[in-house]
Amino acid sequence: MDEYRNGYYTQNCHPEEFTWFDSWEYPAYFSHSISLIMIPLNIFGGYCILFQTPKKMEGSKLIMFNLHFWTSFLDLLVSSLLTPYIFFPAMCGITVGIFSWLKVPIIVQVFLAQCGLAGVGVSLVIIFENRHNVVATDRWVIKRKYSRILFYVVNFGYGCFFMTPTYFLIPDQEKTKLDLLKIVPCPTTLYFESNVFVLMDHQGRAFIQAQCTTFFCFLVLEGIFFVTRTVYFLTANNSSLSERTRQLQKKFFKSVCIQVAIPVFIVILPILYCGCAIEWYYYNQAFSNTAVICITFHGISSTIAILSIYEPYRSYTKSCISSILKEKSSSPTTPKNISVTPKPSNNTNRRSTLFNVQV
């Protein structure tokens, strides 16, 4: 590594041309600043779901809170705890979050990131499975409590451990970093630091892609199954639902779809960029940093969608904002000096005496 840095890198690369947006400070400072808004907002969103959900939505409260928990957890990981700095298209990088300061092993941080992503994906499937169970009436409904628990455990277990083989195939770090310089010949100088972690060499990249693609397709197929069947039972004429119940369920299902779609549309571009950068060997550290920052808006957008779409949460949020604005607008009364001249009496001097009284 030292030979490459002192030789080819010094002669052909121009690290002085990198800007602040290429440095680790850009994702670290920006993401940590976002967390100052994100954390209290997500806590407020969780409070609304737990304590402001009306009885008519009681059956979906825990399912909605589960999704909110995982989106908030993923945001916290990306913005504060991990804050990855990745050298796309190479599968290597560092973390510049709180866990790196606490010396948490990098492999543990990678596993937590996998669990966060898997938790969000599985929670999306579960919220649609919940809607399907409410409106469907045939044999494909998961009715038994233990069957549903098994369904959840299998999905979360698969999501958290589908990359386990990769963790036993971690390559030699220095050798692989040198090989990856064939893909990224002129990275930022941080690449040559000893704490840069390589998850997989270039030849093993297809193995990780296959694992992630299989898990993604698994979730998508489940989601398509539940969504299409829910739409069918909400629109079928032979549905056992009454017209009023059907309209209410349609309204709620539309709200769920919007709640899911908003954060997905926000993160789809940065995820597509990362995938294209890996596939086409494109290196731009500023773009990679920006993609990581955009992903931190996933949870914030989901919380804002929850507070905006569902009427009980929207009303409570409006009442809280109104109370805050009302308190700020009502300023305390300023003490004033009032002159009081007592009436003269026969037993006192007739000269007027001035008293200053505060009210």
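Glycine residues also receive a Cβ, built from the backbone N, Cα and C atoms like all the rest.
A TrEMBL annotation is a machine prediction, not a hand-curated record.
The transmembrane segment feature in TrEMBL is assigned to 29-50 (among others).
Sequence annotations record features per position, and here TrEMBL assigns transmembrane segment to 62-86 (among others). When Cβ-Cβ distances below 8 Å are used as the criterion, the transmembrane segment (62-86) is approached by residues 24, 27-28, 31-32, 34-35, 38-39, 42, 45-46, 49-50, 53, 92-100, 109, 112-113, 116-117, 119-120, 122-124, 126-127, 130, 190, 263, 288-289, 292, 295-296, 298-300, 302-303, 306 of the same chain, each at least six residues removed from its ends.
Annotation comment: TrEMBL describes 106-128 (among others) as transmembrane segment. Non-local neighbours of the transmembrane segment (106-128) in the same chain are 60, 63-64, 66-67, 69-71, 73-74, 77-78, 81-82, 84, 94-95, 99-100, 152, 155-156, 158-160, 162-163, 167, 170, 195, 197, 199, 215-216, 219, 222-223, 226-227, 230, 256, 260, 298; each lies 6+ residues outside the stretch with a CB under 8 Å from one of its CB atoms.
Feature annotation from TrEMBL assigns transmembrane segment to 149-170 (among others).
Distant neighbours of the transmembrane segment (208-235): 91, 118, 121-122, 124-125, 128-129, 131-132, 135-137, 140, 155, 158-159, 162-163, 165-166, 199-200, 241, 246, 249-250, 253; these residues of the same chain sit at least 6 beyond its ends, with a Cβ under 8 Å from one of its Cβ atoms. The transmembrane segment feature in TrEMBL is assigned to 208-235 (among others).
The transmembrane segment annotation in TrEMBL covers 256-283 (among others).
Residues annotated as transmembrane segment in TrEMBL: 289-310 (among others).
What TrEMBL records for 329-351 is region 'Disordered'.
The compositional bias 'Polar residues' annotation in TrEMBL covers 330-351.
If one looks beyond the transmembrane segment (149-170) by at least 6 residues along the same chain, the residues whose Cβ comes under 8 Å of a Cβ in the stretch are 107, 110-111, 114-115, 117-119, 121-122, 125-126, 129, 142, 198-200, 204, 207-208, 211-212, 214-215, 218-219, 222. Between the transmembrane segment (256-283) and the transmembrane segment (29-50) there are fewer than 3 Cβ pairs closer than 8 Å, counting only pairs 6 or more residues apart in sequence, which means the two stretches are not in contact. Among residues of the same chain six or more beyond the transmembrane segment (289-310), those with a C-beta under 8 A of the stretch's C-beta atoms are 21-22, 26-27, 30-31, 34-35, 37-38, 41-42, 44-45, 48-49, 57, 64, 67-68, 71-72, 74-76, 78-79, 83-86, 120, 255, 258-259, 262-263, 266-267, 269-271, 273-274, 317.
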